[in-house]
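K.L.:
Could you have a look at this structure, given as structure tokens, before my questions?
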Amino acid sequence: MKHIFKKLHRGGNQEQQNRTNDAAPPSDQNRIHVSANPPQATPSSVTETLPVAGATSSMASPAPTAASNRADYMSSEEEYQVQLALAISASNSQSSEDPEKHQIRAATLLSLGSHQRMDSRRDSSEVVAQRLSRQYWEYGVLDYEEKVVDSFYDVYSLSTDSAKQGEMPSLEDLESNHGTPGFEAVVVNRPIDSSLHELLEIAECIALGCSTTSVSVLVQRLAELVTEHMGGSAEDSSIVLARWTEKSSEFKAALNTCVFPIGFVKIGISRHRALLFKVLADSVRLPCRLVKGSHYTGNEDDAVNTIRLEDEREYLVDLMTDPGTLIPADFASASNNTVEPCNSNGNKFPTAQFSNDVPKLSEGEGSSHSSMANYSSSLDRRTEAERTDSSYPKVGPLRNIDYSSPSSVTSSTQLENNSSTAIGKGSRGAIIECSRTNMNIVPYNQNSEEDPKNLFADLNPFQNKGADKLYMPTKSGLNNVDDFHQQKNNPLVGRSPAPMMWKNYSCNEAPKRKENSYIENLLPKLHRDPRYGNTQSSYATSSSNGAISSNVHGRDNVTFVSPVAVPSSFTSTENQFRPSIVEDMNRNTNNELDLQPHTAAVVHGQQNDESHIHDHRKYTSDDISTGCDPRLKDHESTSSSLDSTSYRNDPQVLDDADVGECEIPWNDLVIAERIGLGSYGEVYHADWHGTEVAVKKFLDQDFSGAALAEFRSEVRIMRRLRHPNVVFFLGAVTRPPNLSIVTEFLPRGSLYRILHRPKSHIDERRRIKMALDVAMGMNCLHTSTPTIVHRDLKTPNLLVDNNWNVKVGDFGLSRLKHNTFLSSKSTAGTPEWMAPEVLRNEPSNEKCDVYSFGVILWELATLRLPWRGMNPMQVVGAVGFQNRRLEIPKELDPVVGRIILECWQTDPNLRPSFAQLTEVLKPLNRLVLPTPQ
């Protein structure tokens, strides 16, 4: 820069330099010029110009000069100083528009919290509006302390290129370029916007009518005001977007502008509604944050408001579907949300930083900056709606529910003695009400040991009914503390926390071998119908004192023992029965204790006797026959059981189950039309050597290294499963770019389409049979080795064949789905069927599938869509954080209602297993109570 200034000073003015050399001014005059000019330049520029002046003065001649020469020098020096000031001004203006410096300044403002209010006061209102508008354009956030001022405008880019470049047009450019096709904007201008002025007056009246403690009521009234002004509520935001597109075109044609005052927008999309709500909230001093981006809304161009209640918790405000509904924001803490600005050329939404290691507060401690984990725990400790005699919790509609502070937990004695229904209230006594959908809050006490209506209590003989705590078994031989992790549990009255879990192991996987081995010896040997699971007793077993006996015939009086840990108090009983059973089973085998050959003979004989039920050549495998038969699995040697880790890493096992045996060349498949789009790929109808098949091709073909090995490992697992209620796996294409799995083709399609098509009338007994099919298919997955957790069980993944048999599909690929619902910044996913722990991204086991089955049973019983009228974001908040459940209709059979509620237990360990569900569903003969005549 110094050389440029010298060039400006010397270039084209050689005569001035000559005159300066001939006759320089006195040194005192030189000093006057130097001291007079620094206010026009920066300190750095002054230091740079001083040597030049010094050099000029040193070159001056001590001889006196004429007045004309002195005047020429003064004019040339003044010209130089003007040029210097212009250069410095241009340099400063360029640096102020530097995007990097602007980002650094914005980051400093955001991190300080106060946003330098003193500097903002010095700026004019136009400068503040321009700064806030640019901040919202680039970073997508206006914080609680930032008020929307007049001349603030929100620009919507219709051109993706401009958005990527971070080019934000000024308000003057938008107003001068009439009808600019690349942008449209809404502006806040109270003096000229009469509609906005009226809305502000209404908001002031609403605030005066609400007490200072009724913040949720104020939020609801403001949300209803915004929604009513901008076209009303809508279940589908795409419909509102289409209406706005049409309306904006009319505005542009009539007004010849692309800038619309916010008050004149009568059909508003989410960004318009959120901005108007922010303006109204600022006017009534309601803390409100305006956030734009896909983190909350699923769309980069949508916006949402978050409000902070007096307990320092943040909630999202619904302004589209159900105005005024508050949904807890998925921040780890209200105070630990560090908003960092992102690159303006990339994602414009600031990233929220979480900490997964937030220390959990003990009871008695409190903080306004508590973590979401503590918030979830407080929800779990909250008193839920009390249970009535009909076992249905009848809770009033949820609307203004306050989740700010947990109330004391009601004892189980009070819950039992109270036969009336308590209407749920918030901490401030507001009655819970809702105008759209009635949801039930699952009472934690409904399955307590003292509850006589516990449907599954008799199925668990190892439950200590008289104790406050259940026996917690320990695993012998597992001494490495680092390999354990504590499962997150809800503190419940009268219940102990869940047992420790082995990493990468399902909850019932490790002790399953020993427990089922004991149970098999405790109960008589059962011949099971391989299709329907019917049991017939081959012989009865009794103890020496006659305490235990069993005689099971068909479906009647079936007692099924859940696979729970065996207390040490039963060790003597186990040893008591084992010798007699072993002797009876091996009386023809020369007293050899080899159980598996005998079991194989029994199965072989059963297959020969019952081959008319279904084709065993299709559903059985000679090389691996333990995939779904619990008898074979229970009698396996303990040393032969493999967990998921050892199964993947043992080379010998991998060689025995080579993927090459089920490899299908891509060229052998004749691909036809596409019949579906799943959560991980496209589904095609294809032909494979004359056989109709379904080909599921992955959308993400970038599989290499560990991911490809994981895919092949899942193929081995699916290859082993043979069950009439599991989609038959034929093979796989294991070579990119055509990674696919090939299964049987089921022409009737998904159960979802059958249940929810118009005028669908399915016989009630057929629907019961469908529920039983799903339970038996899932029991096959959960009892396999290793245990297969579906994690995406829903009616769209249940397929129906020509004989109306329901089969479980899309299993075994949960680990290949890289994004869960919360980790993915899109609305992809189906939270309507997901368990609360899955929606919260907490560790989950196979019991999450049991919750999903409860939703499926609810669908089969009611023939209604789950959570109809709510968008996915609302379902996540309702189920995952507010502990809400679907309403159980009064016309449902009480047994069916209790089964569904048992599946929806908040604590996964309290949910029944699919083995228990199968036994309970078998004698079921109705879903709905008969209509009184």
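All positions are counted from 1 along the displayed chain.
Note that Cβ sites are derived from N, Cα and C of the backbone, with glycine treated the same way.
According to Swiss-Prot:
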REGION    1-74  region 'Disordered'
REGION    342-424  region 'Disordered'
COMPBIAS  379-389  compositional bias 'Basic and acidic residues'
REGION    527-550  region 'Disordered'
REGION    604-650  region 'Disordered'
COMPBIAS  607-621  compositional bias 'Basic and acidic residues'
BINDING   I675, G676, L677, G678, S679, Y680, G681, E682, V683, K696  ATP binding site
ACT_SITE  D792  active site, proton acceptor
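So where do these features actually land, and what's packed around them?
P.N.:
Its Cβ taken as reference, L677 (ATP binding site) is surrounded by 10 other Cβ atoms within 10 Å in the chains shown.
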K.L.:
Provide the three-state secondary structure of I675 (ATP binding site) computed with DSSP.
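P.N.:
In three-state terms, I675 (ATP binding site) counts as strand.
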K.L.:
Around V683 (ATP binding site), which residues of its chain at least 6 apart sit with Cβ under 8 Å of its Cβ?
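P.N.:
When sequence neighbours closer than 6 are ignored, V683 (ATP binding site) has R674, I675, G676, L677, A694, V695, K696, K697 within Cβ distance under 8 Å.
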K.L.:
Give the sequence-ordered list of residues that share a chain with G681 (ATP binding site), lie 6 or more positions from it, and have CB atoms under 8 Å from its CB.
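P.N.:
Same-chain residues close to G681 (ATP binding site) (Cβ under 8 Å, separated by 6 or more) are K696, K697, F698, L699, S740.
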K.L.:
According to DSSP, does D792 (active site, proton acceptor) fall in a helix, a strand, or coil?
P.N.:
coil
